[in-house]
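These come from TrEMBL:
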ACT_SITE  B:Lys78  active site, charge relay system
ACT_SITE  B:Ser158  active site, charge relay system
ACT_SITE  B:Ser182  active site, acyl-ester intermediate
DOMAIN    B:28-471  domain 'Amidase'
Amino acid sequence: MSLDKDTVARIARLARLKVPDEELAPLAGELSGIFAWIEQLNEVDTKNVEPMSSVSDVTLPMRADKVTDGGVAAKVLANAPGGAVYIDPSDRNAGGFFTVPKVVE
Amino acid sequence: MAALTDLTIAQLSATLAKKEASAVEVADAHLGKLDEHRALNAFITETPDKAREMAKASDARRARGEAGLLEGVPLAIKDLFCTEGVQTTAASAILKGFVPPYESTVTANLWKSGAVMVGKTNLDEFAMGSSNMTSHFGGVENPWKRKGDNRKLVPGGSSGGSAAAVAAYMVPGSTGTDTGGSIRQPASFCGIVGLKPTYGRCSRWGVVAFASSLDQPGPFARTVEDTALMLQAMSGHDPKDSTSAPLPVPDFAAAARNPDIRGMRVGIPKEYRVDGTSEEIVTLWARGVDMLKAAGAEPVEVSLPHTKYALPAYYIVAPAECSSNLARYDGVRFGLRVPGKDLTELYENTRGAGFGKETRRRILIGTYVLSAGYYDAYYRKAQQIRALIARDFKQAFEKCDVLLTPTAPTAAFAAGDKMDDPVTMYLNDMFTIPASMAGLPGISVPAGLDKDGLPLGLQLIGRAFDEETLLRAAAALEKAAAFSGRATGY
């Protein structure tokens, strides 16, 4: 499997990752090397083998539908890049907004 | 009396219990070592004020007769664990300025048991790497050096800072995380003990995610008993992690204090004899078998036929999960933000500038193998091979109780080596990745020095959730190997 520059540019676009033009060719070379090495997996016959997505064979646990946490509005909003905005600054748990710089017109 | 910083966790606990030293004195002694060895770059953030405050609280608890399992023991925390009010970087520029408003379950458990945090350790960016060279904050220097050779060596990775801090006696124990070998390989490179528990033993909640089906927190220390003490404090069911095992926590320390392995069947997987492994490691492995045999164990040759496919399969599964997990770093809600003319360009600019080279490479691999038309050929295929690897181990464990293998194919290498070709670097984890893929517990125990005077570790692999047998075998190996090497090159 060999990846060309255009394929790398397409994957980078899918991953929302800016890759400078001059890095595309070296990256294509590196990734081709990695995929060539990965090709050896084709030696293995995997017909009728169930794919394993997790090693834990427990079923997803259920929990009671009740409030177990809360009253931490200030913590929740602490990392907001636009700052925390409270409806009522004297009662922070009355509600607030996690504000971010404008990203949509 | 020995210096406080020379003591193991068990010895420190005894010293503190006898009131021969206070937790504040113990913390100060270790903080002094952080000062002394800052050049190793083992820490991204030092937290001396927090350490003294926690130590003071620990002394107060002890005075009230409320001492926990790790009461007053100073620890270093890999900077992948979220720590409330202390910046958490994952060694990436993209998390710039991130201060978690919450504490990871594992660290919360450690503080509940009385431990004291001295700082957050350096690592490969997002735990992706085997040398600690991919950190945004620069590489960590291994405290060990080759005899008569002053070149800086890597501590291994990804938990390189945590391993170096323990090997340099800055702390008696530290936390790491292991996705494909990130605890065991640095433990081997730094001449200390590193334990990756069974997947699900320690909660992943509050640990910055790399590959969620593989990531597992675990301890580093200088003795098997100390890793057992730490594991005991770190483990336990956590409803906040749906893959956390709802099992009671056994008395791991008791298991580690019982090196009686008479009658234990030790599997030697023949597929781990591979080209590229240093001759000295092959010899050490054979000596390890002899040591366990002399202690009463029964060596058994076993076969794990799909061993060689674990590494390439891992390099599909782990990047796939990483590309999905790291999608959250988009420059909008937290961390680095690089503006663009529209939202897509903001994403691309931020991620292009914020992620380092290896992280970008893995995101691209993951995006590719998950993209339309390639999913079955790569991702599904890798998951099928993962099932075969797990089946290999299951069958092997019908014939044995633990497996003994080398931890890494070489000793620590020089900083900057193996950087030209990513696959060469990936091969470092060839012995650790198979157990990761199967979710099994593994431990690296320092077992000897090579001709250059560098430490080499041997790995023991156990059955799922049977860390007790694993610790017993590790204690027996530790006792027989009687490793007394100590880094002197720093």
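Quick reminder: no glycine exception, Cβ is built from N, Cα and C everywhere.
A strand conformation is recorded for B:Lys78 (active site, charge relay system) in the three-state DSSP classification. Per-residue confidence over the domain 'Amidase' (B:28-471) averages 96 (mean pLDDT, predicted model).
Rounded to a whole number, the C-alpha distance linking B:Ser158 (active site, charge relay system) with B:Ser182 (active site, acyl-ester intermediate) is 5 angstrom. Calculated from their C-alpha atoms, the gap between B:Ser182 (active site, acyl-ester intermediate) and B:Lys78 (active site, charge relay system) amounts to 11 Å. Around B:Lys78 (active site, charge relay system), a 10 Å sphere centred on its CB holds 34 further CB atoms from the protein chains shown. Under DSSP, the residue listed as 'active site, acyl-ester intermediate' is assigned to coil, being neither helix nor strand in the three-state scheme.
DSSP gives B:Ser158 (active site, charge relay system) a coil state; it is part of no helix or strand.
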